[in-house]
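Report on the following structure.
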Amino acid sequence: MWLEWLVAWSWSLDGLRDCIATGIQSVRDCDGTAVITVACLLILFVWYCYHVGREQPRPHVSVNSLLQGVDANGLQNGSMYCQSPECARCTHHEGLNQKLYHNLQEYAKRYSWSGMGRIHKGIREQGRYLSSQPSIQKPEVFFLPDLPTTPYFSRDAQKHDVELLERNFQAILCEFETLYKAFSNCSLPQGWKVNSTPSGEWFTFDFVSQGVCVPRNCRKCPRTYRLLGSLRTCIGNNVFGNACISVLSPGTVITEHYGPTNIRIRCHLGLKTPNGCELVVGGEPQCWAEGRCLLFDDSFLHTAFHEGSAEDGPRVVFMVDLWHPNVAAAERQALDFIFAPGR
């Protein structure tokens, strides 16, 4: 009798319920064979529920999507907190952690787990790290544990690259001035982007945006582009890497915000630094200087403003993201793989 039930079973949840009900009725009639049937069906029912639960679709969260929704609101480079409920940078943290762990496992299979302890720990406990961080430092996407934290870094943190940038100050400035002449012909020349600010104007000219080179812009500034290739610690192969010229017009205030990660140092080389301009990181103010690099951790709450007059002209810096000096070479390689553009 129980074999006939299995043959006729429609392999659905409703079929299971009907069979179990029939089996229970048989038990009441003291049918010994039905007891075995009910037991088998209960086991199959448990298996069915487990199987259905495993196959529930999970939202796919690519690493790149973390920084995409911001652009739709007129922002770029993860520069400001996004209020959009659809922005993957601000939601779906569980799906993100699963994706990051999958990327780490794939990297370890290809190469090695050696030196991956801190990254593994960071991914495994990402939610706790981000929620427990003090409000003065709160990276929005990825926090690597056990890195020394400070709002500003000394020039010696990445001495080679700082000195190389400062030696090439005049070359970068010259290429910027050529670019900036185009502003007299139209409101926004090709290659420039406008960033959202509560007051004033903030423009950027990207060479590398979220780990992706912008060829058209690089061709307009060949010496600056070659210089980027000479930097030893430039982040160029993952979504946390950016390089651009950043221009603040007089009267501009950038809203306080956090960067996406603590694995990088943001470097500003001053090109034009009139009076009344200031950078505030973690509550500590600093001023730019022409021809000098200013290094800071943008995972700290930070802002910038230009309180000068129109006669002072814009504040201009060359911005590039460098590796945090305490991220080991093996970790850099793995993070480039995990956070590769398009992954």
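Each Cβ is built from the backbone N, Cα and C atoms, and glycine gets one as well.
What you are looking at is a predicted structure, and each value in this text was computed from that prediction instead of being measured.
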Name the residue, out of Arg167, Arg223, Arg226, Arg315, that Swiss-Prot lists for the same 2-oxoglutarate site as Trp202, Ser246, Arg266, Cys267, His268, please.
Arg315
Where does Swiss-Prot put N-linked glycosylation site, among Asn185, Asn195?
Asn185
Sequence-distant neighbours of Ser246 (2-oxoglutarate binding site) in its chain (C-beta under 8 A, six or more apart):
Trp202, Phe203, Thr204, His268, Val316, Val317, Phe318, Met319
Specify the count of other C-beta atoms within 10 Å of the C-beta of His257 (Fe cation binding site).
16
Spatial separation of His302 (Fe cation binding site) from Arg315 (2-oxoglutarate binding site) - C-alpha basis, Å:
17
Close in space, distant in sequence - Cys267 (2-oxoglutarate binding site), Cβ under 8 Å, 6 or more apart:
Gln158, Asp161, Val162, Leu165, Cys293, Leu294, Leu295, Met319, Val320, Asp321, Leu322
Rounded inter-Cα distance in Å - His257 (Fe cation binding site), Arg266 (2-oxoglutarate binding site):
14
Looking only at His302, Arg315, the binding-site residues on record, which one has the least crowded Cβ, with the fewest other Cβ atoms within 10 Å?
His302
